[in-house]
Amino acid sequence: MRPSNVLRRALLGAALTTSLLAIPALPARAAEPIRIGELNSYKAQPAFLDPYRKGMQLAVKQINEAGGVDGRPLELISRDDGGNPGDAIRVAEELVTREGADIIAGTFLSHVGLAVADFAKRRKVFFLAAEPLTDKLTWADGNRYTFRLRPSTYMQVAMLMPAAIGVKRKRWAIVYPNYEYGQSAAETFKTLLRAAQPDVEFVAEQATPLGKVDAGPVAQALADAKPDAVFNVLFGPDLAKFVREANTRGALEGTFVVSLLSGEPEYLDPLKDEAPVGWVVTGYPWYSITTPEHQAFLTAYVDAYGEPPRLGSIVGYTTIRSIAAGVAKAGGTDTEKLVDAFAGLEVDGPFGPFTYRASDHQATIGAFVGTLALRDGQGVMVAPVYVDGASVLPSDAEVRKLRPAAD
Amino acid sequence: MSAPSPVLAVRGIAKSYGGVRALDGVSFEIAAGELLALIGPNGAGKSTCFNIVNGQLRPDAGTVHILGRDVTGLPPRRIAGLGVGRTFQVAAVFPSMTALENVQMALIAARRGVFGFWHPARRIAREEALALLEQTGMGAQAERPAAALAYGDVKRLELAMALAGEPKLLLMDEPTAGMAAGERREMIALVRRLTRARGLAVLFTEHSMDVVFGHADRAIVLARGRLIADGPVDAVRRDPLVREVYLGGTRPGREARP
Amino acid sequence: MSLDSLLFQAVNGLASASGLFLVAAGLSVIFGVTRIVNMAHGSFYMLGLYIAVTLAPLLGEHLGGAAGFWGGIAGATLAVALLGAAVERVLLRRLYNAPELYQLLATFALLLIINDAALFLWGPEDILGPRAPGLSGSVELLGRRLPQYDVFLALIGPVVLVGLHLLLTRTRFGRLIRAATQDREMVAALGINEALLFTAVFALGAGIAGFGGALQMAREPASLSLDLSVLGEAFVVVVVGGMGSIKGAYLAAVLVAEVKALCTALGVIEIAGYTFNMSWLTLVAEFLVMAVVLVLRPHGLFGRALAATKAGEAEPPLLPLDRRGRALVLAAILLFAAMPLIGMFFRYAPVLALDMVIAALFAASLHFVMGPGGMASFGHAAYFGLGAYGTAFAATQLGLSTPLAFATGIGTAAAGAALFGWFCVRLEGVYFTMLTLAFAQIVWSIVYQWEDVTGGSNGLFGVWPDWPFDSRAGLYLAALAVALGGLALLRRIVFAPFGLALRAGRDSRLRAEASGIPVARVRWLSFALAGTLCGAAGGLFAFAKGSISPEAISVGRSIDGLVMVLLGGVQSLMGPLLGAGAFTLLQDTVMRETDYWRALLGLVILVLVLLFPFGIAGGLRRVARLRRAGGAR
Ligand SMILES: Nc1ncnc2c1ncn2[C@@H]1O[C@H](COP(=O)(O)OP(=O)(O)O)[C@@H](O)[C@H]1O
Ligand SMILES: [Mg+2]
């Protein structure tokens, strides 16, 4: 062999690479579009993010058709973040350096969200985290440049607490996916329940590998502990497996169940007629929300895509709405001004008005709590109640203690 | 007793594979400078014997002494370090290296230079390696990849490698297997020449009786794992027992396969 | 914890074991005969399930529920078997002469493509199939209810086991399979139609996997994440049982499933005052089992040493650079060193270049054990991760300065590689590969769950370097210097006696030992060295990204490394560098195509593999040789 040939081509390749891929970033001018660099785990979480993207695109279309923000149209540049922080950071860099994004938004997975938030802090870029649920994003590791839209793990758990406390059961079991989201949901649940009901006993705790629950043994182990109530954090395929096994084994008969996220169409619909009747869940009952804001959104969405929205649609739509509102308030896309504008920013979304709190940068958008039932061979949430995010968030004073890192 | 301790002394070694007794109480010695032929029909236990001497197999019983030192159960690399070179029934070299690199590698290993991390190996022991290749008739092929060599040349390369590091004892399991008749004689003549000059003790197996009786100093005969004769080649040739089990009934083909 | 509940859980375990066994059996048969490490095996399983949940309701409409359900399973099995045959004929057949692991690369590309194809065909949402008609109830056992379908599953495993056994021992086809498993050359020598045998074996293996997937229709939804999650378990079961041993695979499946069921059943326990949730262990139970088994039994429970299959031509000798080569390397170094300047015009170029530089060091360190060492590691990401986490922990939690934190990371990786390497290098071939995987998964699971030190599943962030490395250019140049140093060191070592000895041990362990080379020690040291340099790459990664999460240790990361090395060419020292560059570039380019980028990546890899069955470096070499030959005439 002649290594030299290899090398010559390597060199050529490298030169080619540089010239091909590195298109110079254009300097921003006044009538330029507002560039939203959006990154998300489209490939890793398609069930949630497909509707999410549709929601975003709908919002962008609506806003641009109405003349944009201060005359500037929105331009959405979407990227896959590879489902891991390493790729996500590179993508974020690319959005900022090459695409000249003014704002970064998106992310689904908590660790990706946290890494991008850290990147935003470091590079002083405005970042609106759309989906990640981890409490750390706004509290322990919160920073000046990061805001979050979706109700956090803590908030979602807190929304279920009235139901959990209300049934006055003593023996609780918990089943959760074994990663930060599940762990912190379980911890929060235990803490809040103990505070309200000191004599509560947690008789079983099953931490299952994400996406690989051994449903039979897990359902059986829960049943063997003879709980009279269960807190479930499983979702997705894990939830489907667990519910089917529990049904067949009668493992949860007579047991009261509260469950996180299970009312979201993304997770409820695949269960079809096996949806666990009687569970109290958080979710998105698009079929029974009658507010005019939601009605308008629902009509526009169904018109555009010919299918009902999922929770992801709401999140995507509201993310873009939030950015538009923020840019309008800030009078432009200057990062520092945007950050200041988002503190206390009021946004109107399909769920009604909500605020980005100045204290912890968390949006007060809420979620629905309801009880699962069957209707036409399909699981639905009945008697859903909208719980305002503000009502379950700690006070500003408490939050200040929770945010040591932020300025 | 003024005689120096033998280069190799094998005492009562035995080895079974499951039920098969491959070796059963075999003892023999080799003195310095001696060319000893180990003969016997296929499956007699010759390769097993080699593998025990060179440490690849651990005997079920018995001992192996090299230059007076008990080496029973030592791993092959330690036995190699004591001055034992070996070639295999199916020649084993390093196909991804040139012939020269193969011998350089053997020389480096013999000099305990394996843990060198800096100086390029191609400059180490180059002259000696070339000389060895020259002596085994491989000088012209030094820069060729071993994978591209003809089988006979691979055998010669292996011999050069086995001779690297000035061993006291050379173990050659069928050094001429797979060679044409003319080549065989040449190969053994080569071995004889090289080892004589170095005063090497050699243990080898060979199927061609002409070759054995033409070149070896002494022969030992294995049959079904037992040693049935040990003596000068002429005596062995005349031994009726040997004639019966070996030369008589089941006469091996000249191209006996492993 | 009553005895009844333990016993009952053991019965539960048997049902899970059958599922595991079915995927593993197919994998084992395929590997045994063709020696292909089939990365797409989980995809066959996933497709079986998808096809079954699609067919069952369709058939059910016309034939009734029961016929639909079982017809769906039969149809899915058949369809996947056919697909397996097609894959072998169209794709793998072209690769039998390439170095062993190139089929792995091709099947990996297939895994990417099949996943996107399933997304395209079935959409992103999980699809839950019907319950089994007639088996949807439960039976009473030990005062508990056991699903009838679980009983059925628990029985189907042994039935398939016996069936396969009969097939292998009583039929001509089976005898051929066994003969081929033991000695490929012999089958070829006997004048048997090897091509047909391989196709049939691939169809059989794929069919069993598809059957296994289809059977799960009554238990779990078809989802796009199944392929990878099943693949890992299947490997474990095959290896624990002993490659090629069907009986071993069944026992291993039972062992793994029972250990998991036991961990689940025990739940939260107290040991010496500490409460410990045993269910946490289900995250790695299979890999713990594999590590223990392989350390104690290097060929699994029922495996035997594999007959060496030195197919294909031997690697050509490695040559040092000639003058022109040196000039080109220098030019490449200069180009990369000038990246901060280039970055003034093309701002993204240095970002991508930094990723390339890190990937190059990662791939080159893997290549060191894989190429010259001949030890294909599936767990190289462990050392990348240890380096990254060590660095990140030292920088954020201990507050060490950047160079010290980096050194800590490298030290962590070196210690890990030395420790795990000591066990791994004792094993040969695919067993080595799988033990490295097991250790990597164990490290991963510890990192994933040790919240206090590693930040758990979220990882650590805020890992930004201090002055003068806090600017893009500063960090980039430092990383480039480290990577170049590492690459130069590796190159130097490959040509030094140690590198020669490493190659010697790979070429012929027998010869090497007989020549006095301490092969095990050489391998161990090379493993530790590669791990150390890989740790340096990991440390750079942590600083470059400012954060680190368990993905850095995941199987996916290890596979990325393998892909880089194979794509570039395992038989050349430039290969891993070309591969790392090409892969980084490719991924960056295709990922912008958000919809089906994995399939696109897979397709590009497939094309590259088919065009250059010896990697990019091998392809370039061939072109150069042809040109030279042409010029000579
Ligand atoms: N690894 C092994 N396992 C089982 N039996 C073996 C093994 N190696 C050799 N044998 C048996 O031991 C006997 C001696 O073999 P070997 O030493 O190779 O004989 P030779 O070299 O004289 O032909 C033969 O019967 C052979 O079948
Ligand atoms: Mg023999």
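Each Cβ is built from the backbone N, Cα and C atoms, and glycine gets one as well.
Residues 37-38, 41-42, 44-45, 141-142, 144, 146, 149-151, 153-158, 160-161, 164, 177, 201-202, 204-209, 211-213, 215-216, 219, 230, 233-235, 237-238, 241, 243-246, 249-250, 252-254, 256-258, 260-262, 264-265, 430 of the same chain lie 6+ residues outside the transmembrane segment (C:6-31) yet bring a C-beta within less than 8 angstroms of a C-beta in it. Taken from TrEMBL, the feature transmembrane segment applies to C:6-31 (among others).
Counting only same-chain residues 6+ beyond the ends of the transmembrane segment (C:43-60), those with a CB under 8 A from a CB of the stretch are 23, 26, 67-69, 71-73, 75-77, 79-80, 83-84, 110-111, 114-115, 118, 121-122, 127-130, 206, 209-214, 216-217, 220-222, 224, 226-227, 230, 234. Residues or ranges marked as transmembrane segment by TrEMBL: C:43-60 (among others).
Look at TrEMBL and you will find C:66-92 (among others) tagged as transmembrane segment. The list of residues near the transmembrane segment (C:66-92) in space but at least 6 beyond its ends in sequence, with Cβ under 8 angstroms from a Cβ of it, reads 34, 36, 40, 44, 47-49, 51-60, 103, 106-107, 110, 129-130, 132-134, 198-200, 202-207, 209-211, 213-215, 217-218, 606, 610.
Among the features that TrEMBL reports, transmembrane segment is placed at C:151-168 (among others).
The transmembrane segment feature in TrEMBL is assigned to C:189-212 (among others). Remote same-chain residues near the transmembrane segment (C:189-212) are listed as 19, 21-23, 25-30, 33-34, 38, 41-42, 44-45, 47-48, 51, 73, 76-85, 87-89, 92-93, 160, 173, 176-177, 179-180, 234 (criterion: CB distance under 8 Å, separation of at least six residues from the stretch ends).
The transmembrane segment annotation in TrEMBL covers C:278-296 (among others).
Feature annotation from TrEMBL assigns transmembrane segment to C:327-346 (among others). Same-chain residues lying 6 or more positions outside the transmembrane segment (C:327-346) and placing a CB less than 8 Å from one of its CB atoms are 321, 353, 357, 472-473, 476-477, 480, 484.
As annotated by TrEMBL, transmembrane segment applies to C:352-369 (among others).
Per TrEMBL, transmembrane segment is recorded for C:404-423 (among others).
Positions annotated as transmembrane segment by TrEMBL: C:475-502 (among others).
As annotated by TrEMBL, transmembrane segment applies to C:563-586 (among others).
Listed by sequence, the residues of this chain that lie at least six past the ends of the transmembrane segment (C:598-620) yet keep a Cβ under 8 A from its Cβ atoms are 91, 94-95, 97-99, 102, 105-106, 108-113, 115-117, 563, 565-572, 574-575, 578-579, 582, 586-587, 590. Residues or ranges marked as transmembrane segment in TrEMBL: C:598-620 (among others).
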